[in-house]
Amino acid sequence: ACTGIENIDEAITLLEQNNWDLVAAINGVIPQENGILQSEYGGDTLHGPAYGPTSHSTAASSTPSSSSAFRHVVPSRQIVERQPRMLDFRVEYRDRNVDVVLEDSSTVGKDLAEAVNVELLSVSWHMKIEGSLVFQVQRETVLKTLHLPKNNSLYVLTPDLPPPSSSHSGALQESLNQNFMLIVTHREVQREYNLNFSGSSTIQEVKRNVYDLTSIPVRHQLWEGWPPSATDDSMTLAVSGLTFPCHRLTVGRRSSPVQTREQSEEQCTDVHMVSDSDGDDFEDATEFGVDDGEMFGVASSALRKSPMMPENAENEGDALLQFTAEFSSRYGDCHPVYFIGSLEAAFQEAFYGKARDRKLLAIYLHHDESVLTNVFCSQMLCAESIVSYLSQNFITWAWDMTKEANRARFLTMCTRHFGSVVAQTIRTQKTDQFPLFLIIMGKRSSNEVLNVIQGNTTVDELMMRLMAAMEIFSAQQQEDIKDEDEREARENVKREQDEAYRISLEADRAKREAQEREMAEQFRLEQIRKEQEEEREAIRLSLEQSLPPEPKEESTESVSKLRIRTPSGEFFERRFLASSKLQVVFDFVASKGYPWEEYKLLGTFPRRDVTQLDPNKSLLEVKLYPQETLFLEAKE
């Protein structure tokens with residue numbers, strides 16, 4: 001959080017180089033203003049800033065402020081020459097890649113530009129630092145003021161060339177007649193406005209129209225997104241370099257002189273210090289025309305443009321929206337991300353998800369009438385290290401205790417969720433003890449308040465207490481994760497058993513249904529077979545009864561004697577009148593159980609299929625007289 005180093009191997013190397021002295025390792029890579037401090041313990045060099053105001057010549061021997069970022073500094077020390085901090089740049093320009101190593105005291109134009117040998121003349125560079133947004137960097141900018149990490153990637157782009165002079169006037173006239181769509185985002189309220197302007201409109205006209213929409217006077221407007229060429233408010237949009245047909249801009253309210261001074265101090269050093277012993281803050285505030293009340297956030301309501309939170313707000317989410325917008329307006333955009341919603345919703349978000357996703361809940365209680373509020377918000381709550389740690393490990397919820405109605409409402413919520421003891425503790429807090437920072441940890445049966453941090457603290461102490469709460473929470477979270485994993489394992493086993501049982505039941509049911517279907521099919525086929533047999537038997541009996549009587553041997557008429565062999569090898573004989581039709585023979589064979597539709601009757605000499613002959617011819621005509629032996633054969 002302090003150094004921007006994300007590579008664990010690099011961090012361990014730095015610690016080993018400094019004999020595992022954390023403070024020395026951190027100060028060894030942080031940009032320093034006042035040199036290196038040498039400790040009296042063992043003669044080791046302690047890399048770090050000279051504590052106390054930098055304007056006094058006795059800063060190296062005076063007692064450090066109690067609110068310094070690192071409280072433990074040896075009493076006796078001397079300033080020695082500071083080791084420069086080296087920055088590594090990976091510069092990409094078209095198809096070329098250049099590796100550059102520079103001291104952080106180098107400038108962009110004189111040193112970096114010459115090092116990569118890119119001829120950009122006097123125009124500004126467009127650089128993209130890895131992990132950051134695209135921004136403009138002037139040539140005289142000192143690298144140290146950019147607070148860059150050790151390793152950086154730069155992309156150098158050349159500006160577009162102007163159109164040829166012969167067609168310049170025609171293109172300019174065309175641009176003046178074009179309409180530009182400006183998408184303007186109001187930063188404090190996160191609202192967008194889509195505005196149409198002709199190319200002949202001036203930048204000043206745009207800013208005046210935005211004043212009508214946002215109530216931010218032109219002199220207090222702080223813009224982002226204007227092209228580098230838009231240097232004069234009297235310029236028309238056609239020549240200002242806006243992207244056609246649509247261009248995005250962001251507007252916000254310019255910070256107060258006190259906030260501007262605090263931000264400029266933060267750019268000078270990465271170690272934030274709060275001085276308790278000097279009156280320079282008051283002198284600087286007087287120079288800017290700011291009284292004590294505005295410096296510490298006290299007293300007169302005239303110093304406040306609007307309250308942090310409306311009184312008697314019906315919806316907590318709407319109240320938190322106004323709180324966030326007003327907080328950003330006063331202290332800048334670098335602040336904790338406040339949860340928008342009710343306290344119950346914040347509980348749900350923090351405590352009632354999966355154990356791995358749970359977080360601590362941090363409740364920030366603001367009070368405009370406390371002398372500590374402005375310092376706590378601007379220098380501690382908005383410190384990048386605190387903001388980063390809160391965003392990673394906490395759900396942050398806020399409430400304004402300035403108005404009595406809002407105070408009573410929060411105490412009621414506090415009693416309901418934390419009990420009367422916690423509510424009474426907050427009720428007895430004096431105004432000068434605000435703001436308060438409550439650290440809440442969710443448990444199975446109740447919510448536990450781990451810590452109540454008052455406003456009279458330092459960045460170090462605030463971070464230490466947050467980390468201490470995080471250690472307690474992490475231990476509890478590991479237990480919850482273990483219990484949850486065991487519970488999920490049991491539930492998975494139960495689900496697998498239930499699924500296996502269900503599959504077994506399905507298989508048994510399917511098997512039973514298949515057996516039932518098979519039995520039903522067998523029964524149906526058996527019924528069909530019986531019906532067919534009964535039908536065949538009926539037909540056989542009918543044919544048997546319809547046969548003419550067998551002639552006797554001594555009959556005077558011509559008699560044909562037929563001997564028929566069955567497929568099973570049996571023989572049966574019968575006499576027929578020679579004048580009888582061949583169909584009578586077929587009926588006789590069918591009456592014996594061999595219908596001519598299924599069997600064919602074959603003669604011997606010559607071999608022939610008698611069933612292919614005309615059944616209406618007589619036996620004499622088909623030469624089955626006076627006797628013949630026939631064979632029955634099943635048809636294919």
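Each residue, glycine too, has its Cβ placed from N, Cα and C.
TrEMBL annotations:
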{"type": "REGION", "residues": "47-69", "note": "region 'Disordered'"}
{"type": "COMPBIAS", "residues": "53-69", "note": "compositional bias 'Low complexity'"}
{"type": "REGION", "residues": "477-497", "note": "region 'Disordered'"}
{"type": "COMPBIAS", "residues": "487-497", "note": "compositional bias 'Basic and acidic residues'"}
{"type": "REGION", "residues": "541-561", "note": "region 'Disordered'"}
{"type": "DOMAIN", "residues": "555-632", "note": "domain 'UBX'"}
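Long-range contacts of the region 'Disordered' (477-497) within the same chain, counting only residues at least 6 positions beyond its ends with a Cβ under 8 Å from a Cβ of the stretch, are 354-356, 358. Residues of the same chain lying 6 or more positions beyond the ends of the region 'Disordered' (541-561) and with a Cβ under 8 Å from any Cβ of it are 573-580, 584, 587-588, 590-591, 619-620, 624-628. Residue counts for the domain 'UBX' (555-632) under DSSP, helix first, then strand, then coil, are 13 helix, 29 strand, 36 coil. Helix, strand and coil counts from DSSP across the region 'Disordered' (477-497) read 21 helix, 0 strand, 0 coil.
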